[in-house]
């Protein structure tokens, strides 16, 4: 479409477009020509009149159409908020040029400089005359374009609204399949249960909105080094371990308290934070016909455990000072205590129902129903021994303190076994543990008992933790045996936690050194009773899933390599090339 010009009187030019008429007043033509045939320069208006021109506002004389008016498009208008409305001028010369007076906005002043950056090439390059390269963030849930930082992660408007509806109202979704549905841009609406589960896995939480989000762009403007570092991060498909770490690595500003604030935090406030961090009681909504079979019960229990693990990560992030720990320490503490945390929660829910275990609101089992699963009768008997908790009349404040102590105390002596890396900041973990213990002592002191009775009750409560540790070891062995039988599905997060616990178990020196290192001094690793079961059983179980069995036991041991002195985790995956070390 070309505009047609009709010259009127008094220097008034009328431009006839398809949409209507536009009348403009043209300035007096210059007495001297603006262009010569010997040059190929481009027309440029005076700087004081129109300001600098962008590359898209320049037009060569030889490349334009034959119309007396040449329309030169301006730079692409991305948004009316980023680019002000353009004003057009009509120049009457020997070859009039119709151009836009829009001036390019400096990159530093554009909104979303960190999230969206556009670079416009020369006119005529690419389709439509422009080359536009767009670097933007993607939704952590469905991989669609992210609209902003919502509930602790970068997410799109759809996932943000879905998570908001879920935490405010109806959220008892049920997956019609196996709770492993693929959630992407095209299939995010197919399963609400798996979509909500993935929201929790990537780290979305109710209090995850950044307090300083209004000043992010201003801070990024003055910190180009940080912006360059964030842009250089590799973008690859996250593994399950990366997904769990990403779910636990949110902004530390969203967490309550910090290492410095813990020093001045009163015990009553610590108790309020611990009680507010408690996850809700789940509901399976799965209708299973009775009597239960082994596969039915284990399917229900593994599904319940996988959902509770997601809530447990959210619970841990709400503990005062937990987000100030390094990501390595957060993962290590959760991997070392996840089943103990789940079991003390199960005991607390079942404390008022003798002879029954309340796994979920609609999943209540007794001992007779648990006997159909091989090896579950002993675990049920230990779990049903909640009479010790009922006799002590455990209070909610004491329960939340014991639960936090289990998490923080799980990695306190990990360096003694030599099978896992120690905590990077054990001083901070010990400081958190002391704060929780002080809160427990503060609550006990308000019972109105004597000092001797207060000390006795504190000791009785802490002695319960050894009983929970013993149950956890038995439960871990049973879960691993069910995994080897491959009878029930183990979901990603539950399977990863289980494998991490097996890797961290101590092994015998004969299973750790290769035949070629006999002349070197060997270091014996202590065998802990907390691992549960014999070491020979643990080694054979580990080999059943990743290496040869039976008569191939000797080659499997020869493939193990000796670890040098120093912190490190030796992981064996079946061959000598797969034996890697995590620094």
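Backbone N, Cα and C define each Cβ position, glycine as well.
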Zinc finger according to Swiss-Prot, located in which of 139-159, 202-222, 223-243: 139-159
Zinc finger per Swiss-Prot: which of the ranges 175-199, 250-274, 275-299 is that? 175-199
Would you mind listing the long-range same-chain contacts of the zinc finger (175-199), meaning Cβ under 8 Å and 6+ residues beyond its ends? 141-144, 151, 158-159, 162-163, 166, 303, 306-307, 310, 489, 491-492
On the DSSP side of things, how many residues of the zinc finger (139-159) fall into helix, strand and coil, could you say? 3 helix, 7 strand, 11 coil
